[in-house]
Amino acid sequence: EKTPHCFLTDQGAAQFAAAMGVPEIPGEKLVTERNKKRLEKEKHEKGAQKTDCQKNLGTVGAVALDCKGNVAYATSTGGIVNKMVGRVGDSPCLGAGGYADNDIGAVSTTGHGESILKVNLARLTLFHIEQGKTVEEAADLSLGYMKSRVKGLGGLIVVSKTGDWVAKWTSTSMPWAAAKDGKLHFGIDPDDTTITDLP
């Protein structure tokens, strides 16, 4: 372990990254003309009718179980355009954007960040598995709770410590893929799964 801390932000994170030899990239190199136009369009269109519950445009998540029984998750966010300065979404927050525990399993989530944060979606899903629910039941229960409690839509992928997995969502669609025992499973819409042999 390089540090005893779980979560570093802002200047502390920058100092730590520099100490670890991570090269610094100037902020202006991260801004594209396409994103400038997208921001201007969003500012122009944002009116009384529009809320922050806009379509999630780019979260990518992964969960894995290795041959030694270790589980892991990764969640990368597409973010929200024209967000409030200082807003933190669910992706970097343990228990919300994702969670992994070798005794239970791993979860990665996507959807409306504020809703996911309010119900701690990833940890809630693993709680249901701890209580004896299947991965499918756990996903349905936690997504259903988020929808009824805070009117939030989203999706998640789960793998249990026993290798059971599921991809579930309450949003319109969610592209997903899973590899197990030499087979590749994938889909986008509900009840639309394709299974092929891995190359």
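Cβ coordinates come from backbone N, Cα and C, glycine included.
Unlike curated records, TrEMBL annotations are generated automatically.
Counting only residues at least six positions away in the same chain, the Cβ atoms of THR75, SER76, THR77, GLY78, SER91, THR110, GLY111 sit under 8 Å from the Cβ of THR59 (active site, nucleophile). Residues annotated as active site, nucleophile in TrEMBL: THR59.
Sequence-distant contacts of GLY89 (substrate binding site), defined as residues of its own chain at least six apart whose C-beta falls under 8 angstroms from its C-beta, comprise THR77, GLY79, ILE80, GLY97, GLY113, LEU117. Positions annotated as substrate binding site by TrEMBL: ARG87, VAL88, GLY89, ASP90, THR110, GLY111, HIS112, GLY113.
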The number of other Cβ atoms within 10 Å of the Cβ of VAL88 (substrate binding site), counted over all protein chains shown, is 12
If we take the residues ARG87, VAL88, GLY89, ASP90, THR110, GLY111, HIS112, GLY113 that the record assigns to substrate, their largest CA-CA distance in Å comes out at 17
Return the single residue from the binding-site residues list (GLY111, GLY113) that has the minimum number of other CB atoms within 10 Å.
-> GLY111
